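S.K.: My questions will all concern the structure given below.
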Amino acid sequence: MKSDTIAAIATAPGRGGVGVIRISGSNLLPFAFALTEKTPKPRYASLADFKAADGSTIDTGLLLYFPNPQSFTGEDVLELQGHGGPVVMQMLLARCLDLGARLAEPGEFSRRAFLNGKMDLAQAEAVADLIDAATASAARSAVRSLQGEFSRAIGELNDELINLRMLVEATLDFPEEDIDFLKAANAFGRLERLQLKLAEIFDRAGQGKLLQSGLHVVLAGQPNVGKSSLLNRLAGDDLAIVTPIAGTTRDALRSTIQIEGIPLHIIDTAGLRETDDEVEKIGIERSWKEIERSDVVLLLVDARTGVSESDREILARLPDRLQRITVYNKIDLTHRAAERHDEANGTAISLSAKANQGIELLRQELLRIAGWHQAEDVFIARERHLRALSAAQEHVAAARNVVEGALPALELFAEELRLAQQSLGEITGEFTADDLLGVIFSRFCIGK
């Protein structure tokens, strides 16, 4: 890790009442004196003139000094709070660079905080997630992760894995003892509880990812069932051409909307049917690719005819992991009322895109799937967190299979537990390659 002095503007670009420059390094008292002709008192805001090399005043503002290790980065930290004009901020930053600091790389302050043990990797990522939060729910979830709630949950799982590994090591180290350590400690029951806890955290993390990045929703179904009309209704604009001619939509149309601040990335696809039209065939192939990448599929059917055999074939082909909502459209042409109910294949909603009936029911169902109503329980998570949790689940399941075997192979059991622990360690940064750290922190703001 580089240990030189770094500096960056920590406030957003543009004009503002206050601008902040953050500086981090070792032994910054001489730096502060050269800049202000004052020796700052730790953790006090001091009024100071920020001096240029010729002794003239660049700006007057507040100087704050946080000595190591009680600072954000774990190093000495200075914060210069001046007037928020872009010119004066650049002049003040240039003076800091003249005094020996270099311009911080994106995320370098947070990276130093991580490497100095001030926060783990999940907490460091939560800093960026809090900055990027598009909704109050996402912001609150990011704060919980920043305060260590997600990390503590991972830590509890890690502790249980360590305890189980200790039992295995005891059995391997004392083979002459007539004691079945795994049976005596109820290893099977503990693995079962560990699996349940892993599944719970995976679900909460998955909901948090949706809360932050939004749902990818695909409108699917046979031609001329109202997919484009529903897209236009949800988007509040005429994005798609709507005609009574089947097969009007040949390629995917995309729109991003927000419901209660939750991003919804909606894709209207070509009607799914057998066709000899080569252009339409390409559109249908792309439709299935969009479905495979989505979080939710809205299968639209004509409320007048109900679910057809072709619709059942579409349902059967949908990936099991997908949330699915069967949408009975065109209820304005029937005696059916707008409603939500459960079916064997998932949730069903009766509505009319054309007459704007039942649209709010669909919006609320999408919010439910996105975790909006359970926002206080979710963790803001990233795709890499979900991959690591999934890998840990696989290794714990493999360990359980070993225990259930007629002749348990203790070495294999221990190895699966070790791999599960390593997967969890990737979340908090205990087992993380340097190149991955570079990718993660490069996506941060310069001043973070």
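Keep in mind that glycine also has a Cβ here, set from the backbone N, Cα and C atoms.
Checked Swiss-Prot, it gives:
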BINDING   Arg22, Glu79, Lys118, Lys448  (6S)-5-formyl-5,6,7,8-tetrahydrofolate binding site
DOMAIN    214-371  domain 'TrmE-type G'
BINDING   224-229, 243-249, 268-271  GTP binding site
BINDING   Asn224, Thr243, Ile245, Thr248  K(+) binding site
BINDING   Ser228, Thr249  Mg(2+) binding site
S.K.: Among the binding-site residues Asn224, Ser228, point out the residue whose Cβ has the most other Cβ atoms within 10 Å, with all shown protein chains included in the count.
M.R.: Ser228
S.K.: Which state, by DSSP, holds Lys118 ((6S)-5-formyl-5,6,7,8-tetrahydrofolate binding site): helix, strand or coil?
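M.R.: For Lys118 ((6S)-5-formyl-5,6,7,8-tetrahydrofolate binding site) - judged by DSSP and reduced to three states - the answer is coil.
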S.K.: Using a 10 Å cut-off on Cβ-Cβ distances across all protein chains shown, tell me which of the binding-site residues (Arg22, Lys227) has the largest neighbour count.
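M.R.: Sorting the candidates by Cβ neighbours within 10 Å, the top entry is Lys227.
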S.K.: Over the domain 'TrmE-type G' (214-371), work out the mean pLDDT and round it to an integer.
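M.R.: Its mean pLDDT is 79.
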S.K.: At the Cα level, what's the spacing in Å between Glu79 ((6S)-5-formyl-5,6,7,8-tetrahydrofolate binding site) and Ser228 (Mg(2+) binding site), rounded?
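M.R.: Approximately 53 Å lies between the Cα of Glu79 ((6S)-5-formyl-5,6,7,8-tetrahydrofolate binding site) and that of Ser228 (Mg(2+) binding site).
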S.K.: Quick one: pull the CA-CA distance for Asn224 (GTP binding site) versus Lys118 ((6S)-5-formyl-5,6,7,8-tetrahydrofolate binding site), whole Å only.
M.R.: 57
S.K.: Given a separation of at least six residues and a C-beta threshold under 8 Å, show me what packs close to Lys118 ((6S)-5-formyl-5,6,7,8-tetrahydrofolate binding site) in the same chain.
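M.R.: Long-range Cβ contacts: Pro69, Phe72, Thr73, Gly74.
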S.K.: Write down the Cα-Cα distance for Lys227 (GTP binding site) and Arg22 ((6S)-5-formyl-5,6,7,8-tetrahydrofolate binding site), rounded and given in Å.
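M.R.: Taking the Cα atoms only, Arg22 ((6S)-5-formyl-5,6,7,8-tetrahydrofolate binding site) lies 51 Å from Lys227 (GTP binding site).
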